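These come from TrEMBL:
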- 28: active site, O-isoaspartyl threonine intermediate (ACT_SITE)
- 73, 104, 105: substrate binding site (BINDING)
- 20-209: domain 'L-asparaginase N-terminal' (DOMAIN)
- 231-337: domain 'Asparaginase/glutaminase C-terminal' (DOMAIN)
């Protein structure tokens, strides 16, 4: 597929300078207000220097690549995740790092999905976006974008990248992508990572939290899984949930897995009809992944009677994984070819997305 690209060379190029590929998928950051039509429209990245002149002063080479059809992130799909992963794979030997400009609504899903799809990753992949368009005077777009670029290009004294995993940078915080959740729709502090420390905090300088950053591994080779299986669903517990709802979801034709969003430490109703529904689903081969509705803490199946029956039935504990990481991990695992231990892969950390 042909993509539009724009290259920005630094003002003062250094020998051996770094290279960053910026992938624009859509979202608020790349929008400007059209006075004539009185609506937000994507701006042309040919004019990026006029919008963000600071990037011309960065000491590394930047190339912009725009998806053929940029989208609102509410229209994000697993097929586009695969396309983004393919773009990174195709350009992996050319660029040192990658920045993805993305709408905020599904950014945590995309970051989680890419963390699984990009197996053997040892280069930075930083997602960022904005709550206000880049054409607005008070926009957070410039700081988010410029700092994401700087983090992507950052290297250690030995020349290795500081970051070699998929992350989200937003509002002065660098977060592990598959540990992140969107928490605000109207505040600049849009993302948090309740169960995992920040990987970096940006102030006057960028302070990295090295003990929690995935170490660089020069021996790995990037591979991209070509399939994600979407025969999965969420089932969220709430007081008064009707058995028809539960049986309808668990009875979906072709369903392979369900992320069960439970109360607290992994608890659910012990009504007989619910126990029967869960047991019958597991007997039919449906994998159920227990994830807490709480942002913090973890699932501890068996701590209370209201979760012990789930453990006994064969429900997989999600520990402290986010719902976003859980559903994308399930798509990834079911997309693997050949004989796969699905519960074993789901119940153990693959990319630092959960505590074992």
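Backbone N, Cα and C atoms are what each Cβ position is placed from, and that goes for glycine too.
Bear in mind that TrEMBL entries carry predicted annotations, made automatically and left uncurated.
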So for residue 104 (substrate binding site), how many other CB atoms are inside 10 Å of its CB?
-> 22
Maximal Cα-Cα distance (Å) across residues annotated as binding substrate, namely 73, 104, 105 = 7
Of the residues in the domain 'Asparaginase/glutaminase C-terminal' (231-337), how many are helix, strand and coil by DSSP?
-> 41 helix, 21 strand, 45 coil
Please work out the mean pLDDT for the residues of the domain 'L-asparaginase N-terminal' (20-209).
-> 92
Could you name the residues, excluding 73, 104, 105, of the same chain that surround the substrate site, i.e. Cβ within 8 Å of the Cβ centre of those residues, in sequence order?
-> 27, 28, 72, 74, 76, 102, 103, 106, 107, 129, 182
10 Å Cβ neighbour count around residue 105 (substrate binding site)?
-> 18
